[in-house]
């Protein structure tokens, strides 16, 4: 799974689909008993991709050690109802018995009855024989998990099929009976029987490939035995993908992809750089890669990416994406290789600790990428800003659970794979690294990996390793690592630190929105005008009390949290904000890029919450005419949209001058990224400011889409940018192609798109066209079409739409008042809150009064 992600969308859709299956299951009944433990799996599976059929045949042997006297064994099995035989072999007596068994399908349990009670430390072998079916997936499949078959078409028209696996977090049970929990690590011997024209790839190197006697054209590929690992890491791929050896690698690495992709730039990058990437991880952790080979399979219709040990699977979409998104595309390579240390070599004991693999992979993905490709520093800065703010947004909701919150049911386990786990996990790891000392942290991580390799861990195991390193490097310091880290891992929310100037001193006060009595140990960093060293991420002091005061030079500005290294928010008083804004205006480059992004959004947040006056935000953005960092210009979009919406600022000369200056900034920015959809936020602002090249490009794209697709165009696609400064003919064409399909798609973007029109006369005309169709009135009364309040609020959001809206009411006063009095009342009612200008409110009162003369049924409530 990648650094800057589509993970959240994938997670949500996966969650929605699986919820129906698991919603009625007891949330506390899904854990396996600890009475037995797997030692080794021997798995033989026969598949038929050459026939493009789902059927497969399997034989599985599981060597098991009894942990406590038992007369039954419970393991996981799903979609394996066709088991024909289960036998139990007592290793001590060498006697085999047929076993009875039953399924508990609501928990995916397969309960095998033993012939008699087995003693502690005795060993048995369970043998299973069964047929089952592969899960068929295609490009439209949402849940791409389990034991899968997919079909695809080659450029020459040939249809091909291939087999793949994606078992994380609990889908191995769909392929073979197993102890499908991460702590049940075992050895695996895999054998795959398949047609000779196909190649099989698994976690380990091929040990042998032999023809099967009596089975023409079929071979058996046997793989070396794996080290101890969890079931979710088992990998099976059977395909005709071409092998591309990776250059200059410390262990053999191979990329498998379709031969038609040979000239693909992303594929070439993988071949040329995966060796360097793996070597950088090995050097950082001072630990050689733990397997004898590493394969990378680029698979049609595959899930985004999965870290199968020794055989990573990637979606072929990475090859299809524009390589201008190189940074975002290659991040996934670093992320999945990081998992070979965090998750594969050292595995969380249970999914409550998912952050021990996903948080670490997310963090070291970016750390190692910066070591190897320092020219991506700007993108990495944006990545830090994005991840921290994404985590803050989720962590600001009281219902959000802590990182270590215990969950059992499958649906709750899936929630552990939301981006919040990745991003908060990565951000607190980043904070701890610099709080304890970067060198000390890396030493502690090496201890953590060395001590726990091939085992499963809890956070306390991480604490012990970091403590060991810290004590060695700081023999006179008694810092308790567990005590520091515990609150960040086991509580939701984060510290909000308010900073105010009191009698010449700075007073800092910390609070947690959900735990009023909670006091964190917060590592504080800061920069001042007399010491503007934002690169110093070492802790200046630990804030361990509710309130603390520090001294600064009399006229210093001060900015806390250098490069947002700490997982906390800072709120400044007016005096301190004025000092910070003065520095932005004098020389913004003194302030670190990540801090600039954060401060712009923090000030907008303070204005929205009415902690500060809107003029603070207006004054800050005066510096923007000098800003040339493309990612800061991108992240400023939301604060700017908020600024544009503040009615009290619009009559001022300062506001109008600022918009003229912003237009210059966004003209330059747009020309740099005009063909890159990752910067859509810049496109939107540029078109709003009427940057000519932006509006022209948007209109031309819309017209081309209409020409190619007609009314079959995607109903969810927005053409807001094309409409903002369009002429009559463009607006009419928009109506011709979009209006006819409104009734077919309740989530159609038509309604929001027309609010983008910045010409009052054209907006009025669009309302006239819309209301000519009587059928459209249902959108104001009948769910689930749309929330009328949001609809009308959108129609009265901008100066242009309000002017057009009032003109529409005046022109259609008689018809609306006499024929549609309820609709007319609704138009007044829902739109009223956005009319803050006295002149506009006076016009609405007059319209209402005239309407009531025509029809007394017009609502008489004092709406305006």
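Cβ from N, Cα, C; glycine included.
Over in TrEMBL, the protein carries these features:
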type	residues	note
DOMAIN	38-233	domain 'Aminopeptidase N-like N-terminal'
DOMAIN	270-488	domain 'Peptidase M1 membrane alanine aminopeptidase'
BINDING	335, 339, 358	Zn(2+) binding site
ACT_SITE	336	active site, proton acceptor
SITE	422	site 'Transition state stabilizer'
DOMAIN	557-848	domain 'ERAP1-like C-terminal'
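A distance of 10 Å separates the Cα atom of residue 336 (active site, proton acceptor) from that of residue 358 (Zn(2+) binding site).
Annotated pair residue 335 (Zn(2+) binding site) and residue 422 (site 'Transition state stabilizer'), C-alpha to C-alpha distance, rounded: 11 Å.
Fewest other C-beta atoms within 10 Å: among the recorded positions 336, 358, that description fits 336. Computed over the domain 'Aminopeptidase N-like N-terminal' (38-233), the whole-number mean pLDDT of the model equals 94.
The number of other Cβ atoms within 10 Å of the Cβ belonging to residue 335 (Zn(2+) binding site), over all protein chains shown, comes to 27.
A gap of 5 Å separates the Cα atoms of residue 358 (Zn(2+) binding site) and residue 422 (site 'Transition state stabilizer'). Other C-beta atoms found within 10 angstroms of the C-beta of residue 339 (Zn(2+) binding site) number 26, with every protein chain shown included.
Note: the CA-CA distance between residue 422 (site 'Transition state stabilizer') and residue 339 (Zn(2+) binding site) rounds to 12 Å.
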